[in-house]
């Protein structure tokens, strides 16, 4: 099967999928999301070329690769690169490259397992027939026919094979000899924000020599925890010209983003960044700053109590004064004239004393 016939088959499959509400050209987005999730879930070290230098002041450890789960808030937006000259979205590369990358992003481990277990298989239809779905079998067979079964199965026993390199070996993706790009500027806006803010990372670059399919890697370093967030954006290829690519990075309002400066590094790679088969086209670093307002301290109630006034007895204490007792003057007792009058006088005196 020649390449033009394979392109026709893929075009028919694409039309069929579009009719079934399945957009095969969304391979760029799907590949990027799947690849990012796969790398983060495996929590593997990202292997950048040794010539990439990180400023020692950032104290970054590449071995601590994590996708901050608050970055589920970081939607994996695939902002396509735009040509600064025409303003049109870049759509380079043959349909074979997009389909191949999307297909192998899902089925490369399966094909590696099939070929490892069954050994040399004499036909493309037998290798691909071990897949489960008709569409995948057709795409696999078409890719296999591009290079022939003898070359096809050997690709999947190559050490550290990845979808980009496999698609280049299959000839579905172009392999320019001297891809080159210059970075013009990298901006982050706003330059200063609070935790929970969204920051727009905007890269402007110039492609000097045509590139093949590759990736942008947007890396935000969390200096507090010595970890990082990585987002990959796939591109099919660029012809010479000026372009820009953007990525929205959303922070979270928690202890990850304390006050301080956060480095943002962008890599552009021909192929899959960090692998032995990729070419680093360029890199640059910028920063944004988190500046949260200082919380106003809440006044603490004092433990000292207001003294309670002691009530004073306003009623004066009566002063006891002795009432002088008059001593009755003894008067001569008249001589009773009769006994009855004497009794009456004695009784009256007794009563007066008892009162």
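Just so you know, glycine gets a Cβ as well, placed from its N, Cα and C.
Feature annotation from Swiss-Prot assigns compositional bias 'Low complexity' to 69-83 (among others).
Sequence annotations record features per position, and here Swiss-Prot assigns compositional bias 'Low complexity' to 301-342 (among others).
Annotation comment: Swiss-Prot describes 345-355 as compositional bias 'Basic residues'.
A C-beta separation below 8 Å, combined with a sequence spacing of at least six in one chain, links residue 97 (disulfide bond) to 167, 172, 173, 174, 213, 236, 237. In this structure, residue 97 (disulfide bond) is part of a helix by DSSP. Residues annotated as disulfide bond in Swiss-Prot: 97-173 (among others).
For the recorded site, residue 167 (disulfide bond), the DSSP three-state label reads helix. Residues or ranges marked as disulfide bond in Swiss-Prot: 100-167 (among others).
Under the heading disulfide bond, Swiss-Prot lists 128-140 (among others), citing sequence analysis as support. In three-state terms derived from DSSP, residue 140 (disulfide bond) belongs to a helical segment.
Note on the domain 'Saposin B-type' (93-177): its mean pLDDT in the predicted model is 91. Taken from Swiss-Prot, the feature domain 'Saposin B-type' covers 93-177, and the record attributes it to sequence analysis.
Note on residue 132 (N-linked glycosylation site): other Cβ atoms within 10 Å of its Cβ, all shown chains, come to 8. The N-linked glycosylation site annotation in Swiss-Prot covers 132 (among others), and the record cites sequence analysis as its basis.
The N-linked glycosylation site annotation in Swiss-Prot covers 209 (among others). Long-range C-beta contacts of residue 209 (N-linked glycosylation site), restricted to its own chain and to partners at least six residues apart, with a cutoff below 8 Å, comprise 176, 178, 179, 180, 240.
For 242 (among others), the entry in Swiss-Prot reads N-linked glycosylation site, with the evidence type sequence analysis.
The N-linked glycosylation site annotation in Swiss-Prot covers 253 (among others). DSSP classifies residue 253 (N-linked glycosylation site) as coil under the three-state reduction. The Cβ of residue 253 (N-linked glycosylation site) lies under 8 Å from the Cβ of 194, 195, 196, each of which sits 6+ residues away along the same chain.
Counting every protein chain shown, the Cβ of residue 254 (N-linked glycosylation site) has 11 other Cβ atoms within 10 Å. Per Swiss-Prot, N-linked glycosylation site is recorded for 254 (among others).
Residue 282 (N-linked glycosylation site) counts 15 other C-beta atoms within 10 Å of its own C-beta, drawing on all protein chains shown. Under the three-state DSSP scheme, residue 282 (N-linked glycosylation site) falls in the strand class. For 282 (among others), the entry in Swiss-Prot reads N-linked glycosylation site.
Taken from Swiss-Prot, the feature N-linked glycosylation site applies to 303 (among others).
Residues or ranges marked as region 'Disordered' by Swiss-Prot: 63-83 (among others).
Taken from Swiss-Prot, the feature region 'Disordered' covers 290-355 (among others).
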Between residue 254 (N-linked glycosylation site) and residue 282 (N-linked glycosylation site), how many Å separate their Cα atoms?
33
Measure the Cβ-based neighbour count of residue 167 (disulfide bond), defined as the other Cβ atoms within 10 Å of its Cβ.
29
Say we define neighbours as other CB atoms within 10 Å of the CB. Which of the disulfide-bonded residues 100, 128 has the fewest?
128
Residue pair residue 128 (disulfide bond), residue 282 (N-linked glycosylation site) - Cα distance, angstrom, rounded:
38
Which state, by DSSP, holds residue 209 (N-linked glycosylation site): helix, strand or coil?
strand
Tell me, by DSSP, whether residue 132 (N-linked glycosylation site) is helix, strand or coil?
coil
